[in-house]
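To keep things clear, I will list the structure first and then write my remarks on it.
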Amino acid sequence: MDQLLQHALNAMILGGTYALLGIGLTLIFGIMRVVNFTHGELYAFGAYMMYMWVMLIGANFVLSIVLAVALGVVLGAAIEIVLLRRLRGADIDTTMLVMIGAWIAIQNTEQLVWSGVAKSINSPFPSAPLVVGAISVSWTRLFVFAVAVLLIAATYALIQWTRLGKAMRATFQDREAAALMGVRIDTVHTATFALGSGLAAAAGALLGPVFVVYPTIGDLASLKAFAIVILGGLGSIPGATIGGFILAFMEELGAGYISSGYRDAMGFLLIILILLVKPTGLFARKERIG
Amino acid sequence: MHTKTVKTASPSSCGRRVGSPPRASTTAAGLIAAGVLATALSTGSVAAQETIKIGVSQPLTGAFAASGNYVAQGARIAEDEINAAGGVLGKKIQLVIEDNKSNPTEAVATVEKLIVRDKVPVIMGAWSSTLTLAVMPKMQEYKVPLVVETSSSGKITTAGNPYVFRISPTSEMEAMSFRPLVAKLGIKKADFLNTNNDFGIGSATEFAKMLKAEGVQVGVLETMDPKANDFSAQLTRIKASGGDTLFVTTAVEQNTLILKQAKELQLKARIVTTGGSNSPDQLVTQAGDAANGSYHTVFFPPWFPEVVKNPDAAKRYMAEWKKRGHEPGGLTEGFRGYDGIFTAVEAIKVAGKAEPAAIKDALWKVKVPGVYGDIAFIKQGPAGSESGQNQPTVYLVKIDGGKVVKPEF
């Protein structure tokens, strides 16, 4: 029983960060239909910026997160303006190849700048865990979970209730009609990509102090994010959120009770099963072709 | 082999590498650049005739980048030390270091390139067991010997590949040298957590076998993906298993995370990391107080170099490492490259010529006073196609109070 509770708690915490990674990508991949291979690199970028602010400059921990996310937003906007803007209307393969190139370029730049040696980021929280009965959890992870939940809620509110959110939804439903209604299409594209990138950077900045930071950490993050988005249904924020938690519970319980060798396979097995029954993912909106 | 005087050759004299052929370009500037590059290429090959090339395949990028770069840095130190002492057979040596990107497919491509294009008579590589196992068939195909500097999977020297000469210990040797410590540490029940590849599985298998023979109960055997960074599920299960000792086998990044996460989950078991790629100094810096009380097997203890068989070689290597400003945490990894190059060069010297077949025969005769100890090869694997295996010493160190110390029993 204690073991089950501990597994459930681990999965909740892990699920929060998976969800954060997922919603960032679902905006870009699900709504913009850009197969964004740089998502994991934005995650790594956020983590490295966190390292720079906390460990090299010595800034306040919370302020560092804000700065790391802000820089992630700027990098995301730059990728959209420099690479994607001129590819608007290009077919999905061309865009995909450009994004693969960007992924490799960013990852190698990280290696050049920061070297391959892993960096660790000090957290201001006590290193002794919070213990309740037989289960325990680190304070840093609790903090990460709380911030992740907050960011997910804020993103949902932004898409659902603000003018920008409405413009985003309109643009990606029907670009021409939205343009005719006076929506600035270019701005919306840039804002969406920057927002998704900022969320990836936030996940990196939050998880950097939990894990260690090295140039290839983004690869795994990217893989999980794609899995979550496909599981939850393209473009659905609640889908990505719930998908993140489902993936975390599958991995945690699968590894805990079946076999840890198949930990990553568990998640993908579930995705195959769900896609067999519901090919659009759990929460996808109705597709509109044309 | 190891001479007393150490002079460092200037960095520009080493590491000359032939670039990829010029790409067709339509601009005039491109054509001029191509012309310049072609000139550079031809002068490069003239210079190459006066040197003996040694191929190196290491993971300089990707998941094992940190360790691969340390090994390459150690190899460069050996190169400069050998050249400062006059090289071998009257020629300078020249390392051609290729990045295998921590990827078995890329690793095969690097050795093929080194053999076919650079025509190296001997190669050192390829760090991880999986990478080494991937390149071994190519070595046999081209009949070029491979000096294995890091990999520990038993399969490497028992596969019946006569071109393989390993200076690092096998997992079995490591387990055997740990055997007397089982009673001293009072191990009654052990659990395992290892990376899901040839290295991790090989080590867990050998240690479990040895522990069972010592009458120790073996609890759970957990695995993790080499790229994974969250082990809460595995550690929760290990906690429930309740062993007194947890054997962990992976590279330094995952070791760091496991120490931290074990503390978060209040795992009481003593943690022992195996495999020698655990960089205890880096664990102290990065895992902080979570590293206290943990034990680590290493194949070179830079904290007390006086205990090794050839302290001169160790001190020379350490002094140069420090002088070059390399990461101190990499000392436990870089010596593998240093010893690997000395072993290859000694074989060239014994062979009297830089040809693969002669070097292969000569490797059986070498005796190198290295950091690993006195490097010499014994036969392992099926009769008739044995591989060479060195028998280095294994050391156990402990982290206590933020310092690496000799464990006291």
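Every residue, even glycine, has its Cβ placed from backbone N, Cα and C.
Taken straight from TrEMBL:
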| type | residues | note |
| --- | --- | --- |
| TRANSMEM | A:12-32 | transmembrane segment |
| TRANSMEM | A:52-79 | transmembrane segment |
| TRANSMEM | A:142-159 | transmembrane segment |
| TRANSMEM | A:191-214 | transmembrane segment |
| TRANSMEM | A:226-250 | transmembrane segment |
| TRANSMEM | A:265-284 | transmembrane segment |
Surrounding residues of the transmembrane segment (A:52-79) on its own chain - C-beta under 8 Å, 6+ positions past either end: 38, 42, 45-46, 102, 119, 121-124, 147, 190-191, 193-198, 200-202, 204-206, 209
Range from A:12-32, A:142-159, A:191-214, A:265-284 with most C-beta pairs under 8 A to the transmembrane segment (A:226-250): A:12-32
Same-chain residues at least 6 beyond the ends of the transmembrane segment (A:265-284) whose Cβ lies under 8 Å from its Cβ atoms: 224, 227, 229-236, 238-239, 242-243, 246-247, 250-251, 254-255, 258
